[in-house]
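One structure below.
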Amino acid sequence: MSPVDPHSFTDSSEPFSTHIALNLFLDFSSSTIIGSALILLPTSYSGNLTLDSRALSISAVVDPDSLSPLPFAISSSADPIKGSPITITLSSHSSVLIVFSTSPSSSALQWLSPAQTSSGSHPFVYTQCQSIHARSVFPCQDTPAARIRYSARINLPLPLSAVMSASKLARRDPIAGEASPGVPDSLWCSKDRIVECFSMDQPIPPYLFALAAGEISGRDLGPRTRVYAEGGSELLDAAAREFHGVEEMVRVGEALFGPYDWERFDVLVLPPSFPYGGMENPRMVFLTPTVIKGDATGAQVVIHELAHSWTGNLITNKTNEDFWLNEGFTTYAERRIVEVVQGKDRADLNIGIGWRGLNDEIERFKDNMEFTKLKAKQEGVDPDDVYSQVPYEKGFQFLWRIERQIGRPAFDEFLKKYIATFKFQSIDTETFLEFLKATLPGIENQINLQIWIEGTGIPPDAMEPESAIYTKLLSLAQEFKLGKMPSEDEVADWNGQQWELYLENLPNSVEASQVAALDARYRLSESHDWEVKVAFLKLAISAGCKEYFGEVERSLKQVGRMKYLRPLYTSLVEGQAKEEEKMLAKRIFAEAREFYHPIARGVVESIFSKHIC
């Protein structure tokens, strides 16, 4: 084999599929999907075709025209990271039909009972396929190197509805025979079922496949933007207020980076177990409800996901080792949109928060500095285990360094040319560097590209942001170490980001009495802004303020966003002589485990394996 990706069984000598047609029967009673995948190839092909799968049950592989069986084999032993390869033997075939079902333990799918949803009335299911989890929903070449178009018929119970990272074509009654042989008519056409049809006509990496189904309502925000939510009218109202400026953001993005090529930019607010802040699925961004803060600042996450429409979705990293091409570019693009929409001070604050986060990640990986490189070797490594801010913030710093070298007008011209050149392609770091040097001759003599890409830690020509607000916040954080709390006048106009930056720059060695006094004055532990609440609770744990353990427990049981789970669980279990905290963390996780998405469960278990014997 000649693999194209350390996280996939896809073989470079075999053709990439061009289109996948899916029939998916959502069985909420068994937490499984029963379905079929019609995989189309660019031309007739003879030989082995290797697909990725994880915890899928394959019941048949057939010629889609004759329905005659095709030889196939599935590895008897699953790779703990990549899953199990499916090897199909083709003879002058340009397509193959696979009948399969998912497992209740699918790493991409979370099935929620009515009691686990905001409405409490109906069940809910959603996918999270990044980084390598699409293979647990349907068999595919699960690497961003292999871009696909797809269509889907989703069969679900009334009165539920579905959304996808695709254009919705129809909602209609099931038709006998349309899902055969994958799903028998007795199931497909059973009473009180409905079929919704979708099509994604632009090629995307498999990790951008997205599906959610449940009690979902929506409201238009603009001519090509709409917000959806699970949880009824109250949450939908709050989401619509928070994201009312999305249409303007799309227009700003187009002015900066070129045409918006995905037709629509809709967003879905998911249940609180969603493990990320947002997921940039084209046409249907998924969001955590924690971004709804009541003051429109939650649009920050939306801006990041919007920026992915150009950098990440339009141009995609070829493998997860090149992840910075997605996230570094998107973090840069996000801050350019923020600068226009919300002002330079807000953009500078974002850079400051990112700078602090980058330094924290360098400390996190101090025993394995490979993962502080922009392009890190990940053979044998689960990308979820090493997910960090490094590709985001070090990638941003690299692009910011180039901008400072050549000036913003020249960098803007470079960025638009880069996007136009590689749109709807997946590229690696080497391709980017070749383009950089060809477009900006001599840049390698002005910036040490090797240190930025292959070097560990933070390069010497990276730059901490400079702004009056940022400098003042750091100064106040330094004064807190000496026992001086910020006055009410000093914090009167602070928003959540300013509090977050202030708290993140306080030392973990502060006295418990100082932490309690700060909270007594400003009620940070009760903040509705989760960034502020978690930053404070992390500080309280580090300072040994056990009176906040109850709030820590409530928080860990309320949300499943990994940005919050990782620091809180880590603060509870790392270090010596913390048996009480470790016991607390284990009990909380045991009680909250089923609430978390499978990806989040794996992250917490990884933290425990490192810090709890």
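Glycine too: its Cβ is placed from the backbone N, Cα and C atoms.
Keep in mind that this is a model prediction, so the values were computed, not measured.
As given in TrEMBL:
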- Gln128, Cys129, Gln130, Pro275, Tyr276, Gly277, Gly278, Met279, Glu280, Arg561, Met562, Lys563: peptide binding site (BINDING)
- His304, His308, Glu327: Zn(2+) binding site (BINDING)
- Glu305: active site, proton acceptor (ACT_SITE)
- Tyr392: active site, proton donor (ACT_SITE)
- 468-608: domain 'Peptidase M1 leukotriene A4 hydrolase/aminopeptidase C-terminal' (DOMAIN)
Tally the residues of the domain 'Peptidase M1 leukotriene A4 hydrolase/aminopeptidase C-terminal' (468-608) by DSSP class, grouping H, G and I as helix, E and B as strand, and everything else as coil.
107 helix, 0 strand, 34 coil
Which residues, sitting 6 or more apart from Glu305 (active site, proton acceptor) on the same chain, put a CB under 8 Å from its CB?
Val267, Gly278, Met279, Glu280, Val285, Leu287
Restricting to the binding-site residues Gln130, Tyr276, Glu327, Met562, which ones have a CA within 10 Å of the CA of Tyr392 (active site, proton donor)?
Glu327
In this predicted model, what is the average pLDDT of the domain 'Peptidase M1 leukotriene A4 hydrolase/aminopeptidase C-terminal' (468-608)?
93
Looking at the binding-site residues Gln128, Gln130, Tyr276, Met562, which ones sit with their CA no more than 10 Å from the CA of Glu327 (Zn(2+) binding site)?
none
What's the CA to CA span in angstrom from Tyr276 (peptide binding site) over to His304 (Zn(2+) binding site)?
12
Would you kindly give the Cα-Cα distance separating Gln130 (peptide binding site) and His304 (Zn(2+) binding site), rounded to the nearest Å?
16
Return only the integer: C-alpha distance in Å from Gln130 (peptide binding site) to His308 (Zn(2+) binding site).
14
Remaining residues near the recorded Zn(2+) site, that is with C-beta within 8 Å of the centroid of the site residues His304, His308, Glu327:
Glu280, Glu305, Ala307, Thr311, Gly312, Asn326, Thr330, Thr331, Ala333, Glu334, Tyr392
Including all protein chains shown, what's the count of other C-beta atoms within 10 A of the C-beta of Glu280 (peptide binding site)?
24
Sequence gap of 6 or more, Cβ distance under 8 Å: name the residues on the same chain that satisfy this around Gln128 (peptide binding site), in order along the sequence.
Ala108, Gln110, Phe274, Pro275, Tyr276, Met279, Phe286, His597, Ile599
Using Cβ-Cβ distances, find the residues under 8 Å from Met562 (peptide binding site) that belong to the same chain and are at least 6 apart in sequence, listing them in sequence order.
Pro275, Tyr276, Tyr387, Ile599, Ala600, Val603
When a 10 Å sphere is centred on the Cβ of the residue listed as 'active site, proton donor', how many other Cβ atoms does it contain?
24
